[in-house]
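**Q** Got a structure here, written out as C-alpha cells. Questions coming.
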Amino acid sequence: MESALSDPHNGSAGARSPPNGTTRPPSTPEGIALAYGSLLLMALLPIFFGALRSVRCARGKNASDMPETITSRDAARFPIIASCTLLGLYLFFKIFSQEYINLLLSMYFFVLGILALSHTISPFMSKFFPASFPNRQYQLLFTQGSGESKEEIINYEFDTKDLVCLGLSTIVGVWYLLRKHWIANNLFGLAFSLNGVELLHLNNVSTGCILLGGLFIYDVFWVFGTNVMVTVAKSFEAPIKLVFPQDLLEKGLEADNFAMLGLGDIVIPGIFIALLLRFDISLKKNTHTYFYTSFAAYIFGLGLTIFIMHIFKHAQPALLYLVPACVGFPVLVALAKGEVTEMFSYESSAEILPHTPRLTHFPTVSGSPASLADSMQQKLAGPRRRRPLNPSTIYEDSNSKDPAAATDSGPEKKDK
C-alpha cells in the first residue's frame, strides 16, 4: 500500500511510511479494515463525550473550567495563524537539527498531555473512589499587584482525587516520553481532542461556518498545493494525531505500519457539532435533531475520506469532505423544519444560565458614592415600584438629612 501522511495541525487520514525508507509488505484486508474502523471509532468518542461535557462546562461554576469562546474575528484569523505556524515549523526543520526540535516538542507535549489526560479522566475516576476516601480541597492562586489593583493570573481549584488522576496521567506521560508507544500517543491524542471539543466554544453558527470554511481552504491548499505539510508531518514527533497499526494482527502491540488521523479533523468539526447540541438544548424541545444530524454527517464525511484515500492511495485533506457534510446536512434539516433563522441567530455566549446572576442594565445615578451604592443594591434586589412624586414629596426629600435621598431628589427639584 502506498504511504501517505497526515497534516500535523489539521490532519488528514493516511498511513505512516517506514522511517528508513524501506518498503513494507502489503497489509491484509482484515488489518486495514481494523485500522480504519478503529480510527473512526476513536474519532467519534471525543466528539460525542466532548459535546456532552461542553454543555456541563457552559453551566459550570468552576472558574478553572470556563470555556474559551471563539468569535468571528478569531475564526477568520485562525487559518492564517495556522498557515504561519505550519510554515514556521517547516523552516525550523529545514534550518535547525530535527533531533533538538523534537526533544523540545516532546517535553512540551509531555506536560500538556499529563494535564489534558488528568482533566479528561477525573470525572470518570471520581466514580471509583469510595465514600470514605479522604478528599481535601485545594486552590492554586497566583495574583499580581496588591490592594484594589490586585489581579488574578491563575485560579485553579482541585482536590485529592484530581491529584490521584494527575499521578496516573504522569505514568502515561513517562511511558510516552521513553517509548513513544502508539497506545500512549493515542491516550494523549484522545485527551487533547476531548478537551478541545469541551473547552473551545463557537459563539454562533456563522462563526462556525467561517472557521470551517477557512480551514477547508487551508487543508486543501497545504495538502495538494505544496510539500510543506508532508515535510513537517514526516519530521514532527508529537501526539497530535491518532494512529492505529494495520499490521496489528501479524505483529501485535509492536506493530509499526500505522494509519493515522490528525486531531484537527476531530476537534474542528467537533466544536461545531457541540455548538449544535447546545442549540438543540436552547430550543427546549427535548430533541437533539441537529446534534445527531451533524454527528451522522461526520461519520459519513470521515468514511468517505477513508474510502477515497484507500482507492487513490494518497493522503486526503479530510476537511474537504467533513466541512460540506457537517455544515450542509444540519442546514438542510433547518430548511426543512423552518428553523434557519433560529439557528443563525442563536448566540451560545449570550446564554444566561440559572446560576449566573447578570446585570442586564446599569442605573444612571448622579451624586455621591453612597447614592450609587444604594441604587445598585436596589437594582440587584429586584424591581421596586416607585410612587409618583408630588411637590410636597419633593420638598420633603430636599430637606432630608440623608445624602442619598437628597441626591436622588435633585433632578426633580431642579425641574420644578
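Numbers here mean position along the shown chain, with the first residue as 1.
Just so you know, glycine gets a Cβ as well, placed from its N, Cα and C.
Quick paste of what TrEMBL says about this protein:
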type	residues	note
COMPBIAS	365-378	compositional bias 'Polar residues'
REGION	1-27	region 'Disordered'
REGION	365-416	region 'Disordered'
TRANSMEM	33-55	transmembrane segment
TRANSMEM	75-93	transmembrane segment
TRANSMEM	100-121	transmembrane segment
TRANSMEM	199-224	transmembrane segment
TRANSMEM	258-277	transmembrane segment
TRANSMEM	289-312	transmembrane segment
TRANSMEM	318-336	transmembrane segment
**Q** Examine the transmembrane segment (258-277) against the transmembrane segment (318-336) and state whether at least 3 Cβ pairs sit under 8 A, considering only residue pairs 6 or more apart.
**A** yes
**Q** Sort out the residues at least 6 away from either end of the transmembrane segment (199-224), same chain, that have Cβ-Cβ distances under 8 Å to it, and list them.
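**A** Result: 7, 10, 12, 54, 57-58, 65, 67-72, 74-76, 78-79, 82-83, 86, 264, 267-269, 271-272, 274-276, 279, 315-320, 323, 326-327, 343-350.
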**Q** So what's near the transmembrane segment (75-93) in sequence-distant terms, Cβ-Cβ under 8 Å and 6+ beyond its ends?
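**A** Same-chain residues near the transmembrane segment (75-93) but 6 or more away: 8-10, 101, 202, 207-208, 210-211, 214-215, 217-218, 222, 228-229, 231-232, 235-236.
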**Q** Can you tell me which parts of the same chain pack against the transmembrane segment (100-121), counting only residues 6+ beyond its ends and a CB-CB cutoff under 8 A?
**A** 92-93, 162, 165-166, 168-170, 172-173, 176-177, 187-188, 190-192, 194-195, 235-240
